[in-house]
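As recorded in Swiss-Prot:
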BINDING   ASN8, GLU383  Mg(2+) binding site
BINDING   LYS15, HIS206, ILE207, GLY208, ASN209, GLY210, ASP283, MET284, ARG285, GLY331, ILE332, GLY333, GLU334, ASN335  ATP binding site
BINDING   ARG89  substrate binding site
ACT_SITE  ASP146  active site, proton donor/acceptor
SITE      HIS178  site 'Transition state stabilizer'
SITE      ARG239  site 'Transition state stabilizer'
Amino acid sequence: MSKTIAINAGSSSLKWQLYLMPEEKVLAKGLIERIGLKDSISTVKFDGRTEKQVLDITDHTQAVKILLDDLMRFNIIASFDEITGVGHRVVAGGEYFKDSALVDEEVIQKVEELSLLAPLHNPANAAGIRAFKELLPDITSVVVFDTSFHTTMPEKAYRYPLPTKYYKENKVRKYGAHGTSHEYVAHEAAKLLGKPLEELKLITCHIGNGASITAVDKGVSVDTSMGFTPLGGVMMGTRTGDIDPAIIPYLMQHTDDFKTPEDISRILNRESGLLGVSEKSSDMRDIHEAMRAGDAKAQLANDIFVDRIQKYIGQYLAVLNGADAIIFTAGIGENSVTIRKLVIEGISWFGCDIDPEKNVYGQYGNISTPEAKVRVLVIPTDEELVIARDVERFKK
């Protein structure tokens, strides 16, 4: 038996889960928030307890030290020697990483180089990797890429209709994201449906603050909504999703807001989406609360959000030539009864329908009506478990 930590490092956060492997038993989980800010918060959950402390955490290395100290302080482990592996989620692996990889300096440098493809994510991912490498240098350390699952896309799906030299020289193409989540829920869907994954056509909808839709045929990704970066695809909490590229030079010429590449990235990635349209919040719960109070901007933000998801589902029905099931996962997909209801109501023409009562109470499983030809499933994602499994694979 061994203990493995799965790590998801954000720019100011570090989410973790400690597993007993290969039993896949969760021993503890936690979240360190506001890294680099005053009043950082470390939360640890184990044995039915929740322990929280507020302190100043300057960087990811200090965050990892606190994580490890907490494991000892709460007697979750008796010695650091019990930890035999760590797996790190990395958003962008580009064309370079087609599978997970053992961490060395070359791999870390490559992750940092690929930050152009995920400027909000890869730098933080690399910081988490370096912190663990410094503090636990001898354990099996593995990077698991969001993009790996999508390397099966055919060229017609991942190429953009730009001059070929930009693909050859600059690697401009669709890479996608959320691959570990899409892969996990596809496998779980096959179990729920009682059929081999290789016989199924699935549309997986990872809908959280970041959101992406994937067409899965016979267990492999054949198309996905996120593109060259996680900015593409459906509308998100603070990201635009797909827009006409000509909008950018137009606004550069006619406003003072779009003067530098940093301005463009900030507005499209951090100030748009639900937040930009509603002018209120990037959180769907806040949007729905405002809608109930009659807020027209919140209503419009919700309507655009639903519309873009419906359009991608329709697109992938064409790509797959039909579907056996649509799967909702991630924060909004798993928890928003309203979004699931609205999305499916607008596309019921092809044979999917949800049972209202199952939708309200269904946090896992089939929420379809008995006569529905296309099943609608709710499956909580577990990206951390996928990461832990990959670490075990590299230990062997």
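From the backbone N, Cα and C atoms, a Cβ is placed for every residue, glycine too.
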Which ones, of the recorded positions ARG89, HIS178, ARG239, GLU383, have a Cα no more than 10 Å from the Cα of ASN209 (ATP binding site)? ARG239
By the count of other Cβ atoms within 10 Å, pick out the sparsest of the recorded positions LYS15, ARG89, HIS178, ARG285. ARG285
Test of understanding: give the count of other CB atoms lying within 10 angstroms of the CB of ASP283 (ATP binding site). 16
Between ILE207 (ATP binding site) and ARG239 (site 'Transition state stabilizer'), what is the CA-CA distance rounded to a whole number of Å? 13
So which of the binding-site residues is most packed in, judged by how many other Cβ atoms lie within 10 Å of its Cβ, out of ASN8, ASN209? ASN8
Roughly how many Å separate the Cα of ASP283 (ATP binding site) from that of the residue listed as 'substrate binding site', to the nearest whole number? 23
Assuming the binding residues for ATP are exactly those in the record, LYS15, HIS206, ILE207, GLY208, ASN209, GLY210, ASP283, MET284, ARG285, GLY331, ILE332, GLY333, GLU334, ASN335, what is the maximum CA-CA distance in angstrom, rounded? 22
By the count of other Cβ atoms within 10 Å, pick out the sparsest of the recorded positions ASP146, GLU334, GLU383. GLU334
In the chain carrying ILE332 (ATP binding site), residues 6 or more apart in sequence that have Cβ under 8 angstroms from it: ILE207, GLY208, ALA211, MET284, ILE339
DSSP on ILE332 (ATP binding site), three-state: which is it? helix
Per DSSP (helix/strand/coil reduction), ASP283 (ATP binding site) sits in coil
Does DSSP put ARG89 (substrate binding site) in a helix, in a strand, or in coil? strand
